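Structure first, commentary second.
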């Protein structure tokens, strides 16, 4: 390098130590200043150029119009280029004139000139690519300024020393150059305007990060405004920024889907296409399930999707690991402070370098973390989206294998695991790198003794590996328990009403607690192993230090351990400690994530529906539906459900499908939808499809949204759908009209209303083909007739459309075009009604037995038509008596109407319409003003708590852990930190031996005490970890038990108004946080708190001057802490609230996938799910940014601590003990991390303790009456007679609502059979709920056998009554469990009841018999079969009081007749209360109760009621029974 300097005015030396180092006035040689110092910015820019050009080429953000700022920056670049060339020409001029300039005067101007030209071109290229603030160029200009400062000073000092300027030309050009680069740097800090057509210009609340400058991005200053706002008031959702395009779900999910599809393609071989063509009429792309040669790797798909983010994060991490303060410069800086005879400026320079390098490390580290955490958020988002999309395409057999709860677990727990482990991914290579670097520099200081420490690390790795493998085993088992628990809880929440009616809560409670016990045992084992792993890795740095220093002083007596070696080594050991301490967390996280990865991958590899199962194009002319030789099964592993099906349905035909329960009617509809496995044959369906399932699927949204179902509003068509489906009048009594929010699963609608809404959805869709799976079973006979006439029949709005109607209503069959008769999965007969009668087969015999008498009066004429209209009107006005208060005088109005109609009947139909309208109007006028549509909300919105987490929450958790345990943990942590300080002070005293005695004495004693203190610290760490584990698991057990017991005892009204997803969120995510997040957070808080306190104490004790800056730094730290905690806490709460809708929507979607696919609305639901995930991301992204903002600002405080401790050590180096100074500096280098972690863990604690707050909230909700009152038990054998009596009984659904039963008084004799009828919402089901005390009395009493039911426990009551509910609910498990969960009955008893309930043939045909596995909700049984199972339950219990709530609505007439016979014989001496739609089933009952508007309208024998000509007579006449 000296040859570059020449021998002229620059001298002949490139570097001169006497000029630069060993002097009190340091300077650099002129040659160094004009060469390397000037080249540094150029080298940086050229090195960064390839990567930066690659980035600009692939990240076009728009086009920025040429502005004044851009012109100025360009002009400065051009001027700097000119200055460089002027310098170069001046050098050539000197050469020509014989002055022989040094080579550096040619090289430097040439290099700088070319670099300035490059910078100028980059300015314009950035503008064209839409870059508003260039970090690359800002660093370049900053380096130019910094590298020019030293020549700036040197030239002035030289001129002053010489009394003249030696080279006026270069002196002048240099200061012009300095002024220009300073201006360029200042201008580069300003931002350009947003690019044209930038999303930022359209967004009302864009994220400020997008428009932030380089330094703002680097320091996260752009977050400050939100931090201040969050400190001033609780943040709201409207305060949060919009998501950037790159973070939106649809974009992130699509990228992962493409990568996953490539994996599937590679796995299935080149012959398999990744994507199947789109199906006509559908918006989604379904993946075709094909046999695969190998399983696709989801991990590879993730890596390929997020490679760029991983690499960028890795680059930041690599720079941070190699930064000076993290390795040898840390040692060099520290050692310079211990030299009392060197120049003072050495210490000040090294202190400054420590501060600058620490600050750079902070900024780079948090850029790394921001990049990785944003990637982690995107990974979670992508996984949720992929799982959601997969759930829309899985087969029915997969749905039976994976319950809703298990799939929710995949989205909540498993996806979150990926987000939690992502920040540690780079430790896989970074930790070994840091260890290698630390050991390398230890070698430089201690020589081969450093290898002893390496040996310790190598020996401990297999031990920890064995521990981690065992932990993985426990983790897999624990996840299975967790899945089972969440699955069971999901079923309990979905079937909670049935559990209450049957008093089955204890057995399911026992099941949950049994699963929970196994889960906790595995958690405890895993946590113990985690504590052992923590002990190993906490002891590892100490063991390395001990053995390394011990070997060093023992192998050679000449090896002296002085302060410089000890504490430089200790600083390196502390650097070594960071990756080693993080390794247990990494191993634990990777173990858990590997389990989650396998679970997600297994789910994504499950079979999907074949989109080509149903052909949409190739079809016979004139045919809408064709099945040729079709054989179908619900699973490839199961025997066929439908055999040899051959059907051809013409366009516009109305086809009825009939047959007994379980014959395959619903399966045939599913086959047409492509929901079954097609084993043989071909299916063709031409045109769009609308599907009305047997059990209506209703969304948790408004009635209008349920009907429109994603289609644009067409007022005329919408009005027609409501009118024909008899919903118009409902709107007058619903509190919000068609904007009324229908609760989860349509909870606030009756079964009939849900079915009519489902039918209205189909009508509004205006599809070509309508598949109607028994839509008339859930409605009254007159409503069924209206719907058939107005919608389905030959004169209905669907006339001309192709309709396939599954029905048990034989009165509609004559109006169909032809009928398909199914039996045992095969078509036995097919033809027109008259043809089948003439055929004289089984269908004809069935009709002769069950069809109404054709000689009875036909349901035609003016009177009947008007009566039907009034019945519909009454039905509507009686609806929702829990929501509105309609006029109670309906009966009188109806009688008046009937009298007038009788007198007008001869005048013809045309004249009775005005009368009808007039009476309709009069009824509407009599509806009170309380019906005004103010709000239709039923589900209570979940509102985030605000302000500080209440101290009572912390107190509750501390009590759950155990107050003594909590105090003991605090003492253990205080003890272990005191021991750690003692060990380091002892080491400090050890190093002072050399200073005081000139040699080291008692080395073995020193080493022994140091070892003892270290081992004691490790034991205290392990003991504290074990104690925390015991306390945390105790707390988790108590909190879960309290939550479970409270929720299972909550009243039914709570479940009606609270989405199950919200409750399930408490049992899944919040319990997970309490299990696995809260305890480590508390341990980290204790550790960082005591470490920070220890650090301050040691620094103050070592350098008392440090007290001067403690207060200012503490004030700044306090401000940052208060701003951060207030903001992050509220962001965490908002995130928790926004999380529940994701899982609620997912649960809702999974139950309605067949409907969603049938209507082709898959894409709409994807968009809706993405919107809910994006809403959650809007809260998570600021939370991530808040952590980075905190880190930068708090670590700045820590870096100031490092700076001031070093400065004060330099100032007082002549009077301070070198050992204590070394101890002070080594502690100061740790304080940055400990202060940061203290605030972060404190905030994390506040954020995570919210899980306790949320669990406690649902652990203290109002509960039902006690299950058992020991002081007032029911008598043995009660009830004996079954006498039921209501005395002035009134009830409402919830406080503040109107009464649904009003002063009900009636007496039912023991053994009496009573039918209960009335319009929808008249109070029939409410009456039965009151009998079971699902609803508690507002006033009045119910007596059974003279005992007031309100005076005994709920289980004493409910266990002695039996109900067959309207909605048959089964639970996953064996058939035996569903019949006898308590195991009270023998197999013989169960088989006898199955025989009586006509299920024995089906159960006998199953290989497992009574151990036949029912899927969740009983989905692998038909609705009719499920109702038969409910009948079998009733037969087993054989109570004295039996309630039938429309129990045979979904059963064919023949089976219904058999069941009614069974009930008559088996419950002959029991009191039977039957709510019936089919009036023929109660015509032989002792009495019939007619309810109207919650009051008794009629109560007498059927014969007397028909003779009286009242309401019951009208209903019987409609049904053809009078």
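Every residue, even glycine, has its Cβ placed from backbone N, Cα and C.
Summarising the annotation, Swiss-Prot assigns topological domain 'Extracellular' to 1-32 (among others) and lists similarity to another entry as the type of evidence.
Marked as N-linked glycosylation site by Swiss-Prot on the basis of sequence analysis: 18 (among others).
Here Swiss-Prot flags 33-53 (among others) as transmembrane segment, drawing on sequence analysis.
Annotation source Swiss-Prot lists topological domain 'Cytoplasmic' at 54-73 (among others). For the topological domain 'Cytoplasmic' (54-73), DSSP puts the residue distribution at 11 helix, 1 strand, 8 coil.
Residues or ranges marked as topological domain 'Extracellular' by Swiss-Prot: 95-99 (among others). Secondary structure counts, DSSP: the topological domain 'Extracellular' (95-99) has 2 helix, 0 strand, 3 coil.
Taken from Swiss-Prot, the feature transmembrane segment applies to 100-120 (among others).
The topological domain 'Cytoplasmic' feature in Swiss-Prot is assigned to 121-132 (among others); the stated evidence is similarity to another entry. Taking Cβ pairs closer than 8 Å, the topological domain 'Cytoplasmic' (121-132) reaches residues 52, 56, 59-64, 66, 70, 73-74, 77, 191-195, 198, 211 in its own chain, all 6 or more past its ends.
Same-chain residues lying 6 or more positions outside the transmembrane segment (133-153) and placing a CB less than 8 Å from one of its CB atoms are 27-28, 33-34, 37-38, 40-41, 44-45, 48, 52, 119, 122-123, 126, 174-175, 177-178, 181-182, 184-185, 188-189, 191-192, 212-215, 217-218. Residues or ranges marked as transmembrane segment in Swiss-Prot (evidence: sequence analysis): 133-153 (among others).
Here Swiss-Prot flags 154-171 (among others) as topological domain 'Extracellular', drawing on similarity to another entry. Taking Cβ pairs closer than 8 Å, the topological domain 'Extracellular' (154-171) reaches residues 9, 27-28, 30, 33, 87, 90 in its own chain, all 6 or more past its ends.
Taken from Swiss-Prot, the feature transmembrane segment covers 172-192 (among others), and the record attributes it to sequence analysis. When Cβ-Cβ distances below 8 Å are used as the criterion, the transmembrane segment (172-192) is approached by residues 64, 67, 69-70, 72-73, 76-77, 79-80, 83-84, 86-87, 90, 127, 131-134, 137-138, 141-142, 144-145, 148, 151-152, 155, 211, 213-215 of the same chain, each at least six residues removed from its ends.
The annotation topological domain 'Cytoplasmic' is assigned in Swiss-Prot to 193-301 (among others).
What Swiss-Prot lists as transmembrane segment is 348-368 (among others), and the listing cites sequence analysis.
The annotation topological domain 'Cytoplasmic' is assigned in Swiss-Prot to 369-424 (among others) on the grounds of similarity to another entry.
Remote same-chain partners of the transmembrane segment (425-445), defined as residues 6 or more beyond its termini with a Cβ less than 8 Å from a stretch Cβ, comprise 310, 313-314, 317-318, 321-322, 326-328, 331, 368, 372, 451, 453-454, 457, 548, 565, 568-569, 572-573, 575-576, 578-580, 582-583, 586. If you look up Swiss-Prot, you'll see 425-445 (among others) marked as transmembrane segment, on the strength of sequence analysis.
Summarised as a single figure, the pLDDT of the topological domain 'Cytoplasmic' (470-531) averages 88. Under the heading topological domain 'Cytoplasmic', Swiss-Prot lists 470-531 (among others).
Positions annotated as transmembrane segment by Swiss-Prot, on the basis of sequence analysis: 532-552 (among others).
Each residue contributes its Cα atom, and for residue 660 (ATP 1 binding site) and residue 1319 (ATP 2 binding site) those atoms are 28 Å apart. Proximity of distant same-chain residues to the transmembrane segment (532-552), defined by a Cβ-Cβ separation under 8 Å and at least 6 residues beyond the stretch ends, is recorded for 442, 446-447, 449-450, 452-453, 455-457, 460, 463-464, 467-468, 471, 559, 561, 566, 569-570, 573-574, 576-577, 580-581, 583-584, 587-588, 983, 1007, 1010-1011, 1014-1015, 1017-1018, 1021-1022, 1025. When the Cα atoms are compared, residue 1324 (ATP 2 binding site) and residue 659 (ATP 1 binding site) turn out to be 29 Å apart. DSSP assigns residue 665 (ATP 1 binding site) to a helix in the three-state reduction. Around residue 665 (ATP 1 binding site), the C-beta neighbours below 8 angstroms that are at least 6 residues distant in the chain are 657, 658, 659, 773, 774, 806, 822. With respect to Cβ neighbours within 10 Å, the binding-site residues 1319, 1324 differ, and 1324 shows the lowest count. The DSSP breakdown of the topological domain 'Extracellular' (553-574) into helical (H, G, I), extended (E, B) and coil residues amounts to 15 helix, 0 strand, 7 coil. Counted as Cβ pairs under 8 Å, contacts with the transmembrane segment (1081-1101) are highest for 959-979 among 33-53, 959-979, 1195-1215. If you measure from the Cα atom of residue 662 (ATP 1 binding site) to that of residue 1325 (ATP 2 binding site), you get 27 Å. On the backbone, the CA of residue 1322 (ATP 2 binding site) and the CA of residue 661 (ATP 1 binding site) stand 30 Å apart. In the three-state DSSP scheme, residue 1324 (ATP 2 binding site) is classed as helix. Here the Cα atom of residue 661 (ATP 1 binding site) is found 29 Å from that of residue 1323 (ATP 2 binding site).
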